[in-house]
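Everything on this sheet refers to the single structure shown next.
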């Protein structure tokens, strides 16, 4: 029994130990990542640099401590003391040098505040922008490397001596004199306005506007009525109309809206301004303006006006049904026999189709003969004379022979001729007898000759097919265009020959089947397809006798010269450059200060460029003289100082070019000839309008000019409720409650479920949403949906978002939300509309839960087996009746019934056994717990006492360690320690033990501490011990908690590092002299453990020690 209890105790200890929490190492990293200022985008280069960084170094300290382990000594409570070593880790921060790659702008680029790299031009571009390092792109009217020079308005050329000849306010290029057209004009002199599909200066920009839209000067599309979008590509959607599709239609009953003027176009059958009224009886068509013209009391369709004739046909119901036809438009065939024969007297009612029998027939369908098949006559005494194998029947009243298709004659003894077929050969075959051999005597279909097809053999075989009925496929390759429909011979493309078109034309031949001869001069070949002569380099023409024109070269002169400033060789295309240019394509000009054919001559100018062809100096603005070494005199400016300052409205002008430097408020331009651009106003147009997007402002004062529907100082406020239009001056109509008025055009905006000009009508059936413009998407025939949400209301038997899914098995009713109560699919099926159970044969009851009574079977148990039984080896099955017992289906209904009833019984037995097993397990657990507690109460171990001795030379290891205690104590004050051990416990327990009352008080103080840190471990962290104090009373109180901790739960705490070791020491942290860092057991200053005399031991302390040992 004791051995069993020992095993149970060991098992319980393992469970407790495995549940003890572990403590992973905690590292505190105090380095913060610097915010990045590196550039981004294009022109970014990566370089290597050296930076400072920090690394953490781990330092390990050895710790010796006492611990307890499980053993077989019952006198110590199966716990023995052992000495163990552990390690504690700390971390230090070290400075290291590391290589790092950083990003910076490439050479020639600088970094902006937004961290992008832009090209750098030095000196900066004066009248332009820098597009590459050291390269400027000048504004219109300026030139030079840094865009610093320009002729005065209206002049150009050397010395600005030439006058511009431009119109419509255009200026000209100061160097070339070409007109620089303002936006909206083009032509050599800017005399032509831009066509509708162009815009911008010189009309070089294509207008992207479509569908009749036009561009304004800024290139923005102004769409025509019925179109919208940025480029007028979007046709007004249904329900919108007008310019930019700003207005809404209110048409009803599926009418469409003219997207240009908003007029409703009614569907046939409706009329009214909004197509809200149906046509009256007797009228039809769009607008219900047309009157029905049906005869014989027949009605017409309100949409199409088509007459709905029953028993009649014809456009106006004026023609009676032909023999054998009845119903709507006489489209239905009567089923009475004999109608297919012309000599038959059978007929049917034109409206109902009821048969009217001829003589010799009887029955509701007139399909029963009065006489036998070979007899006829009133008394069936006469014998038919028809050829039996060619005859359909012998008329029972007259003996007339009705022949099979393909035969004729009084007795059906004659076959049809080549071109006739059908009953009595009355039908004529429609074959093309030039291409047909015969026709089918029954169907009349034509039998075609090889190479022909079609209903009457009038069509040739399709491409790539040939033979009788075009049944064979041609074997030509991709260079053939088909084959002969009769024999399959391939017809080759031009330039090819051979049985399968696999060979090129021989030399000097071309065309289809290579039948033509080339007509080129001797030694010159021709194209095998067209026959054109293939000319050598430098020649062209039909006979290759014409030289290449200027700008082309090579064979047939088909290559274009690439010489920009020169001419090319007619054969090789090599360029011969003009003076001042060089390079393979003559596109490179002489460098600055050089001119001439080879750019070898130096310009004789002073800090100026010269003509690349003549070497003449081109003086910059503000200079003159042959070498451009003289400055302009006062009151002159421009090229060669030929311009004089003239009076102007400008406040000041540039002394170099006469351009206005300061324009009056509200104007801009080099002569203040333009108003401020949109969005700006004031002096120099430098101030920005404060108006909301889409609203302009006065160029002088900046006052906002609001668009319709807005008001306020910045035009940012919409019109108040009840107002709309310019200045919000117009009153909205009285829209119905819940609807709003459009602040721009004043139209009522209906909420979901309402429609009409004033939103007063609910949505018509089948429509929903705002303005009732959306069609219900329900597939049900009722087309019913919620007028606000469009959610479909499904009829009984259907479900799904569109009511297009039938109910799943076991459910029924509207939206299939009701669950069927039938017994199961083996015995019944459930009606998805009503939920009624339809019992399978052999079952009965409201829910098909019972077998048919004995001796009954079938659907609803309506049939009965013989009263005297089914016989030997047979039985009465509830589903199929009498059956042999070995038959597979015999007894199947009874098996299904028993399976359904047996499932409930097996489920009950399963639950019974589950509960029985749980009860047995619980009883065994209670027995084991009872014997464990009994064994613990029989044990009466001695409670060890603890005494403390100061270590004289090792303050570093001053720590309390006892394996029966749940935390360590550190005593930085040796005097206090000594006084505690010298008997300063008057009237109390010796050696620091507490009385029962003191222990309860101490437990209240420490209540709430972490069980993971104290309750299940022998050691606490050093910081916690130092903060809590080091009295022997606290240590003694701690000894009454957590006797059974394992080494696994203790070791992580020994290796736990202090977070404060990365920074300066904390004011409450323990100095190295107080840390548990000894490696010599002989010098260990820990307390000695001894066992006192049991007689002198306080009985209360003894009882508590005993409880602590096992709990």
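Here the Cβ of each residue, glycine as well, is placed from N, Cα and C on the backbone.
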Of the residues 345, 1044, the one that Swiss-Prot lists under N-linked glycosylation site: 345
Which range of 954-957, 958-961, 962-965 is motif 'NPXY', per Swiss-Prot: 962-965
Which range of 911-931, 932-952, 974-994 is transmembrane segment, per Swiss-Prot: 911-931
Which listed span Swiss-Prot calls motif 'YXXL', if the choices are 1015-1018, 1019-1022, 1023-1026: 1019-1022
Number of helical, extended and coil residues in the domain 'EMI' (41-113), per DSSP: 3 helix, 57 strand, 13 coil
All-chain count of other Cβ atoms within 10 Å of residue 266 (disulfide bond): 24
Top Cα neighbour of residue 223 (disulfide bond) in the set of disulfide-bonded residues 71, 80, 190, 715: 715
Predicted model, mean pLDDT over the domain 'EGF-like 4' (241-276): 83
Cα within 10 Å of residue 264 (disulfide bond) - qualifying disulfide-bonded residues among 80, 138, 275, 697, 706: 275
Pairwise CA distance, residue 209 (disulfide bond) versus residue 190 (disulfide bond), rounded so that it is a whole Å: 23
Chain-internal residues, separated by at least six, CB under 8 A from residue 251 (disulfide bond): 239, 257, 264, 265, 266, 274, 275
Listed disulfide-bonded residues among 106, 190, 232, 439 whose Cα sits within 10 Å of residue 706 (disulfide bond): none
Residue 45 (disulfide bond) CB neighbourhood, other CB atoms within 10 A: 13
